[in-house]
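Chemist: Structure incoming, see below.
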Amino acid sequence: MSNIKLGVEVISAHGLFQGDKQNSCSPFVELKFDNQIFRTTTKPNDPNPVWHESFYFLVSDPSFLSTHTLEAHVFSYQDESDAKPFLGKVRVNGTSFVPRSEAAPFNYPLEKRSVFSRARGELGLRVFITDDPSVSVSPRVYIPSPRREPVSSLITDDADERRELKKPITRTFYNATPSVNQQQPATKNYGMHEMRAAAPMPPRVVQYNGPAPPSDFSVKETSPFLGGGQIIGGRVVRGTKRPASGTYDLVEEMRFLFVRVVKARDLPDRDLTGSLDPYVEVKIGNFKGVTRHLDKNSEPEWNQVFAFAKENLQSNVLEIVVKDKDFVLDDYVGTVRFDLHEVQSRVPPDSPLAPEWYRLENKRQEKKKRAEIMLAVWEGTQADEAFGDAVFSDSLTSSDSSDIISANLRSKVYHSPRLWYLRVRIIEAQDVIIVSDKSRLPEAFVRIQIGNQMLKTRVSQRTFHPTWDQEFMFVVAEPFEENLVLSVEDHSEPNRDEPVGKAVIPLAAIEKRTDDKKFRSRWFHLEDSISDAMDEDKAKKVKFATRIHVAAALEGGYHVFDESTYYSSDLRPTAKPLWKPPIGVLELGILNANGLHPVKTRDGKGVSDTYVVAKYGHKWVRSRTVINSLSPKYNEQYTWEVFDPATVLTICVFDNGHFGGGNNRDQTIGKVRIRLSTLQSGRVYTNAYPLLVLQPSGLKKRGELHLAVRFTCTSVSNMLMKYTKPLLPKMHYTQPLSVNLQEVLRVQALNIMVTRLGRSEPPLRREVVEYMTDAKTHLFSMRRSKANFYRFTAVFSGVMSVWKWMGEVCSWRTPVTTALVHVLYTMLVRFPEMILPTVFLYMAVIGLWNYRFRPRFPPHMDTKLSYAESVNADELDEEYDRLRIVAGKIQSVVGDIAAQGERLQALLSWRDPRATAIFVTFCLIIAMVLYITPFKLFALLSGYYFMRHPRLRHRIPSAPLNFFRRLPAMTDSML
């Protein structure tokens with residue numbers, strides 16, 4: 001048997017609920033772990049008891065220790081009855097167990113056992129693990145008590161050794177001081193009231209709304225110590241130590257030594273030419289950062305920041321060395337040294353530390369007369385303003401050079417451009433004359449071009465005044481740097497088009513509209529070239545020329561889709577005046593990753609240079625790149641405003657393929673999606689998500705990403721009202737776009753976003769943007785088609801189950817059930833007005849019953865649902881593009897049908913806790929209303945409402961339909 005034990009010290013409790021007749025309570029605590037139950041003494045009539053009692057549990061299997069849970073239930077003792085009123089409980093996950101030397105007492109908030117439980121106050125515990133052989137399990141002393149308590153709940157050695165007692169023996173367990181030298185009984189025949197360690201409990205993994213995935217691919221709940229305290233069960237349990245800054249409370253506080261190299265002056269010349277090419281080396285232990293060198297400059301200015309992690313420092317001396325860049329051997333200029341024990345700490349919101357001038361020393365540590373360098377050295381955390389611009393020690397190697405100091409390694413925040421739909425209506429043209437043959441009637445058409453987007457009208461009949469009256473849609477981005485170019489051409493021969501003239505319209509000159517009102521049209525003169533068309537003076541001259549009649553408008557009432565519609569992170573219209581106030585705040589803490597697989601080879605060993613990208617709405621964030629680490633620590637926190645709960649946060653891990661000046665693609669390591677509607681407001685979700693990637697050899701797990709997520713609702717009423725509002729802006733319903741057109745425009749929007757984000761420094765490259773936005777989910781995949789088919793069959797499996805159940809009823813397999821069905825059927829036939837109230841009441845009861853089994857955590861990628869476990873190489877091969885697109889549409893239709901059925905199931909599954917609560921309340925109210933309303937009146941009003949006049953209808957979807965469309969489907973769990 002293992003010698004590892006779990007120690008629990010029950011310290012005290014305060015603020016307990018007082019609910020007995022004397023308005024007091026007599027609390028005691030029951031501890032449950034690994035099928036073992038211990039109990040403290042009872043403190044009579046004390047709502048703030050103090051125990052200071054210690055207990056030791058046997059750990060049957062240390063390898064499963066992290067999957068076990070310690071439960072502490074607080075009850076109140078009552079003399080006159082066998083009942084024990086419940087006062088609250090505490091659950092401590094095995095991932096938070098620490099050695100005895102690191103354990104500290106925590107006040108855990110008491111949780112309710114159910115919705116109707118009354119629990120309040122806190123319970124103070126100190127939980128630790130120990131392998132000290134001198135500590136044995138505390139013996140139990142049994143003292144008679146006036147309280148009768150059955151002992152059948154206690155666990156004995158074998159089930160057949162349990163004895164049925166007609167009169168249960170009254171026992172109460174009290175703690176005794178552990179004996180140091182006491183040995184365990186040698187006999188195997190345990191008594192009735194003795195404890196033993198049973199088989200380990202099954203691992204605790206995240207609950208899914210579908211088939212349980214393998215343990216290797218499951219999400220694991222963690223209990224890390226973050227800046228705000230330890231996270232236990234979604235709550236922050238604050239310790240005695242307060243964080244230095246309250247801003248970063250979802251990440252572990254990391255201490256850094258910051259060094260800002262500002263500039264130097266009066267540096268001596270070193271070259272034969274009398275010039276100096278200075279640069280600075282910042283060295284501490286084996287870490288070295290290097291600034292860029294400046295050619296022929298005796299008073300250089302760098303203004304660069306270096307950050308060294310305190311936990312990795314191997315020296316107490318910081319050296320700043322100024323050198324002169326040379327072809328063969330760099331010349332030494334001078335040094336400044338700092339003792340790290342004398343470096344001061346800085347805590348925001350303090351102002352930045354002012355840099356100072358320091359005189360350089362020579363190799364004999366003698367001060368130079370003139371040469372000086374301006375520096376600032378301080379200790380800080382990731383809350384420091386210099387964190388984003390710093391070059392970190394885990395991004396440098398021992399043989400670093402100035403080439404390494406690249407923006408590709410730093411953390412940055414990006415904002416995707418604001419996209420607009422441009423609607424262009426080509427109406428007609430006048431006096432289209434062919435210069436080469438003025439007597440020939442032209443077959444004219446118009447080519448419309450904006451940047452890389454080009455469309456053209458149909459070819460008109462032979463006439464000098466052609467008419468088209470066609471509309472086209474484009475995607476443009478702010479700031480409007482491109483022009484709308486209209487080119488009228490003559491289709492003179494099958495393979496030859498002759499230009500007639502061009503017109504250029506600046507996008508900034510096009511009117512913006514936010515509704516479906518008619519926009520004005522204008523006539524434009526055609527010029528021979530684009531330069532002539534852009535010449536305003538030439539355009540003002542009155543002359544006889546070919547004209548084109550065009551109407552154009554920038555559509556601000558639509559939402560421009562730049563990502564997959566299944567995983568949209570923003571649903572707002574383009575025009576800012578139409579934006580509603582935010583309903584909450586989303587906070588993401590990127591903690592660390594572990595178990596990553598090597599992606600490349602460097603110095604003969606496999607390494608990874610990883611960074612994390614997160615996207616929500618218009619805001620993208622990129623963490624710093626950690627070099628040469630398979631277990632990188634990021635500890636970066638970011639915040640977004642939330643405007644709609646029916647949106648998705650996407651987090652991806654990439655390997656930096658451009659480190660050291662390379663030109664390779666950034667490889668994907670894994671993806672995490674979190675739908676905000678599945679998050680409870682105010683709860684902190686700390687989980688380890690598996691990073692899964694589909695490869696030709698099959699599904700691979702390439703590590704785990706540890707995240708902390710919190711959604712805080714600022715207005716509950718506004719958030720609940722969102723469930724009755726349309727999912728998309730009004731223009732999508734008053735002037736809808738076809739599905740094919742939306743898909744074409746989405747591709748154009750993606751290309752614009754790739755171009756704009758690629759201009760940033762460091763750039764977000766195409767492969768990163770495409771993977772984050774799921775740009776290729778619309779293409780055909782045999783695996784995804786199978787997954788959608790099984791989703792489709794799973795949705796309608798309930799109907800088949802009801803049909804089979806009716807068959808069993810008709811066959812009288814269970815006579816009692818058949819008799820009850822006959823009674824219910826007779827009642828419904830006799831009283832038809834009871835049908836609808838019964839249905840709604842039944843759904844409300846089912847919803848309340850399912851509350852016990854509600855998902856505790858947001859869902860993740862489900863490998864079985866995605867049909868990824870049995871995928872083979874043939875199903876991952878590339879098919880022909882045309883076949884993939886056509887079959888992809890069929891696949892999408894099947895997936896959409898399955899999603900509708902899954903939304904019906906989500907009504908009562910508590911996957912979206914707010915939506916299910918609204919629906920259950922609605923069912924209860926409707927059941928009561930229908931109970932008192934005559935059925936004939938209800939049927940009459942329902943028929944009239946269904947057949948109401950078109951003037952009484954609205955093009956905006958109704959509130960029930962909006963509510964249904966916001967419900968989550970299993971699409972979020974698809975790979």
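Just so you know, glycine gets a Cβ as well, placed from its N, Cα and C.
Whatever TrEMBL says is automated annotation, not expert-curated.
So TrEMBL says this about it:
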| type | residues | note |
| --- | --- | --- |
| DOMAIN | 1-108 | domain 'C2' |
| DOMAIN | 238-358 | domain 'C2' |
| DOMAIN | 400-524 | domain 'C2' |
| DOMAIN | 567-689 | domain 'C2' |
| TRANSMEM | 835-853 | transmembrane segment |
| TRANSMEM | 917-946 | transmembrane segment |
Chemist: Hey, would you say the domain 'C2' (567-689) packs against the domain 'C2' (238-358), going by three or more CB pairs under 8 A that are 6+ residues apart?
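Modeler: Counting Cβ pairs under 8 Å, at least 3, so yes.
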Chemist: Per-residue pLDDT averaged over the domain 'C2' (567-689) comes to what?
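Modeler: Here the mean pLDDT over the domain 'C2' (567-689) amounts to 88.
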Chemist: Same chain only, please: residues at least 6 beyond the ends of the transmembrane segment (835-853) with a C-beta under 8 Å from a C-beta of the stretch. Say none if there are none.
Modeler: 114-115, 207, 828, 907-910, 916, 919-920, 923-924, 926-928, 930-931, 935, 938
Chemist: Could you break down the residues of the domain 'C2' (400-524) into DSSP helix, strand and coil, giving a count for each?
Modeler: 6 helix, 66 strand, 53 coil
Chemist: Of the residues in the domain 'C2' (567-689), how many are helix, strand and coil by DSSP?
Modeler: 7 helix, 63 strand, 53 coil
Chemist: As a quick check of your reading of DSSP, tell me how many residues in the domain 'C2' (238-358) are helical, how many are strand and how many are coil.
Modeler: 6 helix, 51 strand, 64 coil
